[in-house]
Amino acid sequence: MTTSTNNQTLTQVSNMTNHTLNSTEIYQLFEYTRLGVWLMCIVGTFLNVLVITTILYYRRKKKSPSDTYICNLAVADLLIVVGLPFFLEYAKHHPKLSREVVCSGLNACFYICLFAGVCFLINLSMDRYCVIVWGVELNRVRNNKRATCWVVIFWILAVLMGMPHYLMYSHTNNECVGEFANETSGWFPVFLNTKVNICGYLAPIALMAYTYNRMVRFIINYVGKWHMQTLHVLLVVVVSFASFWFPFNLALFLESIRLLAGVYNDTLQNVIIFCLYVGQFLAYVRACLNPGIYILVGTQMRKDMWTTLRVFACCCVKQEIPYQDIDIELQKDIQRRAKHTKRTHYDRKNAPMESGEEEFLL
């Protein structure tokens, strides 16, 4: 009786603890939405690659720890954006062997990038907090070498935290089913859901809300308003994270309560599965549009990304200047350089903060 109950629990939980789109219905849905998925993949890939290229190419000399965290956050979003359509296309063309690969691959991409992105967001908020509140006192501690070390640690931590979600699952009966022992099949799925709720949602939001509140109070009381734009960008990033991941985490929380209470209702189960799929879709949309938030809100980021885009566009398209116009072009270039030098001197003279304080987030 215990074995059958555990098997029933495992069957009921298989859809819940699998938080990526792996069921047969999703493969069929991909047939109808393939164009939209690939369009979002192209847009998300372009925006995330543009962010990464801007940080590595345009800002390589004045890169800050915040830029390092944003770059790796874009890498995590890029893995989610690229992973979904390619895994589903592979499943379409190799139906016999690919379901196992898709089951493990999608779970690995989803959870590793989830935990890594959370770590980078937390460090981004803490870095902004240190810059605004502590300022020069932490310049020796706050450097790119330490940020790179933290990035490596966070990626390793994300792989370890996501390991149960892709190593303990296999494709069985058209579903990505968790292979748990009979002794752990009742409580281990609840543990996984709770871990995602706390480590992947509640704790990061609480920490980022605390640091944001402290930064706002410090700026209002002690600093000028020129730092507020950094907080605007950070606030939009945090709010988008909380909004887009809320349905997914709510479904996990409801499923944990359902398992602990021992309630097995088909209607409730279908509602939770639907919420999980909606949450997964919103997470995918957020990974595609997250760089757009930087472009729309961050003035400095928008300028740097636009400059990078123009540089690479000019490299791809050769502009030939007629021989008789070379002197004119040289004179125009000298005038532009002189004008830029005067403007830079004026900006530095009247800047409210040092030029080294200017961050990619602004």
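Start at 1 and count along the chain as shown; that gives each residue its number.
Placed from the backbone N, Cα and C atoms, the Cβ positions cover glycine too.
Feature annotation from Swiss-Prot assigns topological domain 'Virion surface' to 1-34 (among others); the stated evidence is sequence analysis.
Taken from Swiss-Prot, the feature N-linked glycosylation site applies to N7 (among others), supported by sequence analysis.
Taken from Swiss-Prot, the feature N-linked glycosylation site covers N15 (among others).
Taken from Swiss-Prot, the feature N-linked glycosylation site covers N18 (among others), and the record attributes it to sequence analysis.
Annotation source Swiss-Prot lists N-linked glycosylation site at N22 (among others).
The annotation transmembrane segment is assigned in Swiss-Prot to 35-58 (among others).
Per-residue pLDDT, averaged along the topological domain 'Intravirion' (59-67), amounts to 73 for this model. Look at Swiss-Prot and you will find 59-67 (among others) tagged as topological domain 'Intravirion', backed by sequence analysis.
Residues or ranges marked as transmembrane segment by Swiss-Prot: 68-90 (among others). Counting only same-chain residues 6+ beyond the ends of the transmembrane segment (68-90), those with a CB under 8 A from a CB of the stretch are 21, 27, 30, 34, 37-38, 40-41, 44-45, 48-49, 51-52, 55-56, 98, 101-102, 105-106, 109-110, 112-113, 116-117, 120-121, 123-124, 127, 144, 147-148, 151, 154-155, 283-284, 286-288, 290-291, 294, 360-361.
What Swiss-Prot lists as topological domain 'Virion surface' is 91-104 (among others).
Among the features that Swiss-Prot reports, transmembrane segment is placed at 105-126 (among others), with the record citing sequence analysis.
Feature annotation from Swiss-Prot assigns topological domain 'Intravirion' to 127-148 (among others); the stated evidence is sequence analysis.
Annotation source Swiss-Prot lists transmembrane segment at 149-167 (among others).
Here Swiss-Prot flags 168-193 (among others) as topological domain 'Virion surface'.
What Swiss-Prot records for 194-213 (among others) is transmembrane segment, and it gives sequence analysis as the kind of evidence.
Per Swiss-Prot, topological domain 'Intravirion' is recorded for 214-233 (among others).
Annotated transmembrane segment per Swiss-Prot: 234-257 (among others), in sequence order, evidence recorded as sequence analysis. Long-range Cβ contacts of the transmembrane segment (234-257) within its own chain (Cβ-Cβ under 8 Å, at least 6 residues beyond either end) map to 13, 16, 19, 121, 124-125, 128, 190, 193-194, 196-197, 200-202, 204-205, 208-209, 212, 272-273, 275-276, 278-280, 282-283, 285-286, 290, 293-294, 297, 361.
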- Query: With the transmembrane segment (275-298) as the reference, which stretch in 35-58, 105-126, 149-167, 194-213 has the largest tally of C-beta pairs below 8 Å?
  - Reply: 35-58
- Task: Tell me the residue counts in helix, strand and coil for the topological domain 'Virion surface' (258-274), as DSSP assigns them.
- Result: 13 helix, 0 strand, 4 coil
- Item | Residues of the parent chain within Cβ reach of the transmembrane segment (105-126), under 8 Å, 6 or more residues beyond its termini | 18-22, 65-66, 69-70, 72-73, 76-77, 79-80, 83-84, 87, 147, 150-151, 154-155, 157-159, 161-162, 165-166, 169, 176, 196, 199-200, 204, 207-208, 211-212, 234, 237-238, 241, 280, 283, 287, 361
